[in-house]
C-alpha cells in the first residue's frame, strides 16, 4: 500500500471525523459508489485528503473545469508535499475541431495550438502512474479522451542504468522512433543531442535534462541537469525515458493499420457509389489516399487521430484507452461538484458523435473516424472501480447509485451557520435592494445579485451605478481570465456588488460575501431549480452575517425545498455550536498578494508589456506562491506566463542583451518548478 504523508496545520473537526470514517469504511468494504454530501465551506477537500491518506489508493480527482482543477491541485499539493500530485487538463490553448456545415457547403479544417507546459504536466502524470503508487491526479473532463495505449507507451520506454552496456546507435534509433528529435545545437523537451561520450535528453515529462555520461559502451553516470546553466542537479542510478508523445505505433502495427484503412476505404467507396454519392466518394478517396501515403512515408498525417482505431488495433465500436487505463487496478475515483461533472461525462460522447456523423456522411472521413472519441457514459463507469461523489447538491443519479452510502458533512470548522433565508415580495424590490446593499457596503461587506436575463442584469447594473453604488456586471461573454479578475476585484474591495445571471454557483470561495440576492426566485426553471438555489444561497455561507434574499410573489416547490434544506442544515450547525461552546468566526483567506500578482499577470498578458514588467510580475508570483497558493488560479496562469517570458528571453538573446536574458531564464526556471510542484 502506498504511503501518503498528509501534512495539515489542523485536525478534523465538527462532523469531518465521522465523514472520514464513513467514507474510509465504505472504500474498505468495497462499496462501488458513495456520496459526500458536504455543505459549502465544511472542508470537503480536507476530508477527501484524509480519505486518500487512510485508504492508500492512487486517486483520480475529477473537476468540471480547469480553474477548479487548478484550485484542487494546489490544495492537495499543500496537503501532500511529499507525494505525487499531478495536474491533467486539455493541452490546447486553442482548438477548432474539424467540421462541415452542409447548409452553406462550408468545410472547417481542424486548427489548434498546443501548450507545451501543460503537455509536460500530462506526461508527468502518466510517468508518475507508471513509477509510483502514491499518486493523485487532478483532472478535467479531458481525461476521458483517447491517450494512446498504456502497454505500448510503457513498452516503448528506454531504460538506462549506471553500469549498463548499451549500443549508442540503437539507443538513438529508439529515441527517434519514440518521436524525439536530434538537435545538437539547441536542446529542449522532446529533443536529444550527442557530444562525444555524453548523451543529453529533454524528457517529455520534465523541464530538466537527463545527461548520460558514457565510458565506451558503459553508462558511467546518469544525472538531472539544468537546461540553461548545465549545473548537475542530482545523480541517479537509473531512469526510464518515456516516448515524447502518448500515441506510440510500432512499425508492424502501422503496416497492419494501413492495410485495414485501405480495406475500409474500398468498402466505403462501394457503398457511396451504390448510393449515387459520387462527389462524396471522390472526396473521400482523394483525402484518404493522400493520408495513407503520408502514413507510409513519415508515419504521420494531418488528422491522424481519425485513424486511431486502426493504429491501436481496436475493434469497431470498442472503447478508446484513456488516462484511466494508466492507473493500477486498485484506484479511487473522486468526482468534485458531481451534480455538474456527471452530466458532462454523459454529454461529451453525444456532442462528438453528432459532428463526426456529418463528416462521415459527406465523405470527409471514413466511418472508423467515429471511434476516435471520448468514452461513453457506460464505458467510463465500467472502468471506474470505486467512486465517491462530492457535492453540496448531488444529482438524483448520484444519490440513486449511492443508496445507503451517503455521508453528510454540514458542520463548518469555523462554526459559521448556513445563511438566513428571507422571502420578500417583488413590489418595491429595487428600492429594498438598494437599502440592503448600502447597509452591507457600509460594513465593508460584498453582495451578489443574480437575475434571470442578461438584459435585466445590465439594466440593474446601470441603475445601481446611477445611485452611486460600486457595481460590476458579470456575463457569459467575459473570458475566464477577466472573469477571475472581476471576482478578485470584488474580494479586494474595488467594488461592492456583483450582478450576473448564473453567478458562481459552484467552486470559488468568496468569504467576503455576506448577502446573496436572487431576483425572480419564483420563476421555475434551470436557474431557479432546487439545486441552483441551494448553490447560490451557499455563496453567503462563509460569512458570519450571511443572508440570502429571495424576491418572489409565490412559494414554488423548488424554493420551499431549498429553504427547508438550508434551515435543516442551519439547525444542525446551531445545535452543534451550542453543545460545544463554539462562537462562529470568519471563514476563508483574505485576497492576498499572490492574487494581486495574478491580476497583474492577466492584465499584462492582454497587452505587450515591457520586459521589466514581466520580470517584476514573475518575481512577485515566485515570492508569494511559496507562502500562499490561494485559489489555484496562479497555477492555471503559469503556462501562459512562461511562454511570454521565453519569448522575451529569446528576443533579448538575439539583441545580445545576455544579462536580461539570463534574468528571464532564472525566472522561467523557478516558475517551472512551481508548475510541476517542486
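Start at 1 and count along the chain as shown; that gives each residue its number.
Every residue, even glycine, has its Cβ placed from backbone N, Cα and C.
As the structure is a computational prediction, the values presented were derived from the model and not from experiment.
Annotated by Swiss-Prot as motif 'Beta-hairpin', the relevant range among 91-114, 115-138, 139-162 is 91-114. Outside the motif 'Beta-hairpin' (91-114), and at least 6 residues removed from its termini, the chain residues within Cβ reach (under 8 Å) are 122, 302-303, 355, 358-359, 362, 364-365, 640. The Cβ neighbour count for residue 44 (ATP binding site), using a 10 Å radius over every protein chain in view, is 22. Considering only the binding-site residues 40, 42, 45, the Cβ with the fewest other Cβ atoms within 10 Å is that of 45.
When Cβ atoms from all protein chains are considered, those within 10 Å of residue 41 (ATP binding site) total 21, not counting its own. Under the DSSP three-state reduction, residue 40 (ATP binding site) is assigned to coil, being neither helix nor strand. The Cβ of residue 38 (ATP binding site) has 19, 44, 47, 390, 391, 392, 408, 409, 410 as same-chain neighbours under 8 Å, each 6 or more residues away in sequence.
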